[in-house]
Structure formats: C-alpha cells, structure tokens
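J.: Once you've had a glance at the structure underneath, I'll fire off some questions.
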C-alpha cells in the first residue's frame, strides 16, 4: 500500500511545490490540509483546487474560525496573554489548532507522515513538531524547506519545470502570517532594527493619526469570556471580528518589537492585533475590579508562564493544561462591562461595572459616607512592619 503524507497547506509557493517534491522524493501520496483560522485573502476553495492541480491526491479545507476563537483566542484573553508583555501570540495560538487538524487528518487517511513548510530559523517548526509529538508520536515529520535546502529560487525553478499553477512573479519583501487574532510581518527592510515601519506594511490597522472622531465601545464579559458589544450578544468570533474592524480603524494594536525567539535568536517583528489588544486590555481591567489582591498577584505570574508555554510550542503540555484550570477558576467572577474609547492608536478604559465587583465605594471614598475605620490602621502597620523592624534592630546590634 502506498504511504500517505498529510501536508499543512497554505496555498503559497513553498507548500505547493512541496506536494510534488514529497511525491518525487518519497513516492508517497500527498493529502493537502488547509485550515481557515480567519486569515482572509484567497478563497479557500481556490486554495483547495490549487493543491489538487499541484498533485495532491486529496485536498481538505477545515473552517476552524469558530474553533479558533472559542478554544484558542478566548483562553488567551482570559490569560491576558502577552509574550514579553507585548505580543498577543497571534501566530503561536493558531499552530496547535493546525496541529490538531493535521493529526486528525493523518488518522482518518491512514497517513504515516506529516509535512510542513517551516524554515529552520523560526519558532513554528518547534510548535508543529512538538505538538505532533504529543498528539501522534508515531508520525514521521517531513520539513522540505528546512531539511532539504528548498530555497525560494529552487522552489520557483521546480514550479516552472512542472508547470504548477502558481504565480511566482510577485514577491513581497516581507514574510506575513495572519489570522483572526492578528497579523505578523517580518524580514525585508525590517531586519535592520533602526528602520522604522512604513504605512505600506499595515493591513489590519489604519494610521492612528487619521481618524478625527473617537469610537466608544462597551465590552461585556461573562466569566472572562467576551459575550457582547454595546449590549448586543455576539459570539467570541463575531466580537473579535468587529473589534478588529472598529479598533483597527482607530489604529489600535500596532506593535513593533524585538522578540526573543525560542530557537535562540532575537527577531524584529511588527504585529497588528486590534481586536486582541482591545479585549486583553478590557479583560485586565475587569480583573482589577473583580479579582482579590493575592489571587490577582499570583495570576499575573501564571499568565506570563502560560504565554511562554504557548509561545514555546507547549500547548499540549501537562503544565499548560494545569494552568488552564487555574485560569478558568480565577475568571469565574470576571463578569461585567468595560467601557473603552478607541482613538489615536489606543484603547483607553473609561468605565467599569460588575455585580461581582470588589470595589466598595463606601470604603474607598474620602467624602461623607466613608465607612472605613481608620483607627485600625495603626495596629495593622505595627504588625505589618514588625519583621523588618526586628531584623533591622538585629543588624544594628551586630554591626
């Protein structure tokens, strides 16, 4: 029986050429699997037909937008996931979803191999292969670009030789990855970290200086899950899409950073994530209102570690799964509304309300109606400062 390979297919040059290359090198049949994570661009049916025209024996399209929003983006919002305090894990979140579908397709079609088009310098090779090792360790992984020296020039020559239906005349100077949660741009002139980004590289966001009028929005959360905009109930997918539009129109969510890659190098990345940044900012503020101080302090550490695990390709690890449960528990009272003004590239919180609020006006006010017993402060301070007081008295005695 002929072996089968499941290929993570994007419709681009490298993975289109990989179909024929894998067939020639291994003699295996190639099944192309393309996952719709809300990246937009070409129609998915056009991509499917291209895979077949390039030699795939079967081409599968999975509409995973709802799944991506519910099972990957929402947990990231609940975890306030910002790698290095800035990057909302745009690409990193989609990789375990793609891995899950690749593993399912491999089982369904009886494949013995899985292939991807990642290079040997990026994080994605690790995310794909670590995920596959966790879900389907029996599979052999092929990486033509990394392991077989498939350069762009070689890929173009192969496509022309075989008459593959791929437009190879247009080449963006950038490497771009995008999905529902945002857009990542790298390489080209951005590799000189002194060069400022130009407006041409942006697609999800307008120039922050252009909109004259601000946009006010009220975001509703239920147990940390976004459930409504301006009082209208919507799915997480619809909310992210709408905030991509509205926050993007105000230039919100532009990020230009030098990032510590998993593979040991620093890389300059430009991101656009208008919906993600708006939702994470709103969620953080609602946590400030509804989560007790010690839990909030510890959750900040958990959130950071959760983001690092996802960035590092360990979505399916025991630690990440355990942290998921903690984050869900910590979000059980994160229910309420956050009002924000979107303008000038910023999403600014201007109001908060929650039935689960820990903010007590009568305890916080300095006006009449204050119920805080200030006479308790002196005793509290004496006890709170006692360990440091005793230690310093000892140090003076011994010096």
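Heads up, the Cβ atoms here are built off N, Cα and C, so glycines get one too.
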J.: Considering the L-citrulline binding residues 87, 123, 127, 175, 271 given in Swiss-Prot, which of 259, 285 is annotated for that site as well?
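T.: According to Swiss-Prot, the candidate sharing the L-citrulline site with 87, 123, 127, 175, 271 is 259.
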J.: For the ATP site, Swiss-Prot lists 8, 9, 10, 11, 12, 13, 14, 15, 16; sort out which one of 55, 110, 117 goes with them.
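T.: Among 55, 110, 117, only 117 appears alongside 8, 9, 10, 11, 12, 13, 14, 15, 16 as ATP-binding in Swiss-Prot.
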J.: Rounded to the nearest angstrom, how far is the Cα of residue 271 (L-citrulline binding site) from the Cα of residue 12 (ATP binding site)?
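T.: So the alpha carbons of residue 12 (ATP binding site) and residue 271 (L-citrulline binding site) sit roughly 21 Å from each other.
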J.: State the Cα to Cα distance, in Å, between residue 8 (ATP binding site) and residue 119 (L-aspartate binding site), rounded to an integer.
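T.: Distance between the two Cα atoms comes out at 14 Å.
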J.: Would you count the other CB atoms within 10 A of the CB of residue 14 (ATP binding site), including those on all shown protein chains?
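T.: If we count other Cβ atoms within 10 Å of residue 14 (ATP binding site), we arrive at 19.
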J.: If you skip the near sequence neighbours and keep only those at least six away, which residues in the chain come within under 8 angstroms of residue 10 (ATP binding site), Cβ to Cβ?
T.: 34, 47, 117
J.: Provide the three-state secondary structure of residue 175 (L-citrulline binding site) computed with DSSP.
T.: strand
J.: Tell me which of the binding-site residues 16, 119, 123, 175 sits in the most Cβ-dense spot, judged by other Cβ atoms within 10 Å.
T.: 16
J.: In Å, how long is the longest CA to CA span across 8, 9, 10, 11, 12, 13, 14, 15, 16, 117, which the record gives as the ATP binders?
T.: 13
